[in-house]
Amino acid sequence: MGVCGSLFLPWKCLVVVSLRLLFLVPTGVPVRSGDATFPKAMDNVTVRQGESATLRCTIDNRVTRVAWLNRSTILYAGNDKWCLDPRVVLLSNTQTQYSIEIQNVDVYDEGPYTCSVQTDNHPKTSRVHLIVQVSPKIVEISSDISINEGNNISLTCIATGRPEPTVTWRHISPKAVGFVSEDEYLEIQGITREQSGYYECSASNDVAAPVVRRVKVTVNYPPYISEAKGTGVPVGQKGTLQCEASAVPSAEFQWYKDDKRLVEGKKGVKVENRPFLSKLIFFNVSEHDYGNYTCVASNKLGHTNASITLFGPGAVSEVSNGTSSRRAGCLWLLPLLVLHLLLKF
């Protein structure tokens, strides 16, 4: 529905209106392309939603009557306003130009507008099309999501605007390169922990700055012990065993020795836990403290463990995590042993 499409004049004016404007309703001869005669309206007028649109019609002194219409609805006839919409105002009515303005334009104002004139010969009309552009707007987007590693996810971003906006998805990550999807829907099969983070939806149509919204994707996975560090400490000194684990949600840590759990508050020993790191601290190491300790990291998706050794000076340490092991010892003795055997023979 165009400007004033639902408004009516008082009944007292109806008959007079019909008689005065009978010749103006577009039954006149349309002005053909390239016709140099009047009236001559503007080319298509393009404005943004909320702006004002000016419709101009070039005429000359042969015109006896003139009017602007929106489809079959009369907006102005001469200096008389036939539309009750306060947004429509007369700008000029001279011997050379007849112009109106539509203020605070909205999408329902879009459509054809006709400049109709009466001369001594016959009515003529000229038409202009009003195009209303609308800034992009994201009307629907997925909520933040938490999902287990290996599952599939689908993200949605619906945007409106005129012209229809282009929607793109991008993974906000140092490892992500460019756009991951140029569509309203982003689907990820078998998601990995590296694909967690923020996903940015952008809607653009060159009418205004792109509109951007973000969705946070949290990928849950079981603990993985990335570092388990043993240490050699003399008796009477302070020693620390460290166990670092990556997990979402964050891992909970427990320490064991000889299948017995070490609890907080044991004399001379302190367990210090952080979201991804646990420390077993000995304030005054004794001979009894030496040996293998087991760090267990767990969350709701699983658990893992690593064996860590507290040893004295010159002893060999072993740290095992799954199938991997690391040994540190007196490897400098090996070349001397080989040299001794060669000299013997």
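Note: Cβ is positioned from N, Cα and C throughout, glycine not excepted.
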Selected from Cys157, Cys243: Swiss-Prot disulphide partner of Cys201: Cys157
Partner cysteine of Cys295 (disulphide bond, per Swiss-Prot) from Cys115, Cys243: Cys243
Cys115: disulphide-bonded cysteine as recorded in Swiss-Prot, out of Cys13, Cys57: Cys57
Cα-to-Cα gap, Cys57 (disulfide bond) vs Cys243 (disulfide bond), nearest whole Å: 81
Recorded positions near Cys115 (disulfide bond) (Cα-Cα within 10 Å), from Asn44, Cys201, Cys243, Asn284, Asn292, Asn305: none
Closest of Asn44, Cys295, Asn305 to Cys157 (disulfide bond), Cα positions, recorded positions only: Asn44
Neighbour tally for Asn292 (N-linked glycosylation site), based on other Cβ positions within 10 Å of its Cβ: 17
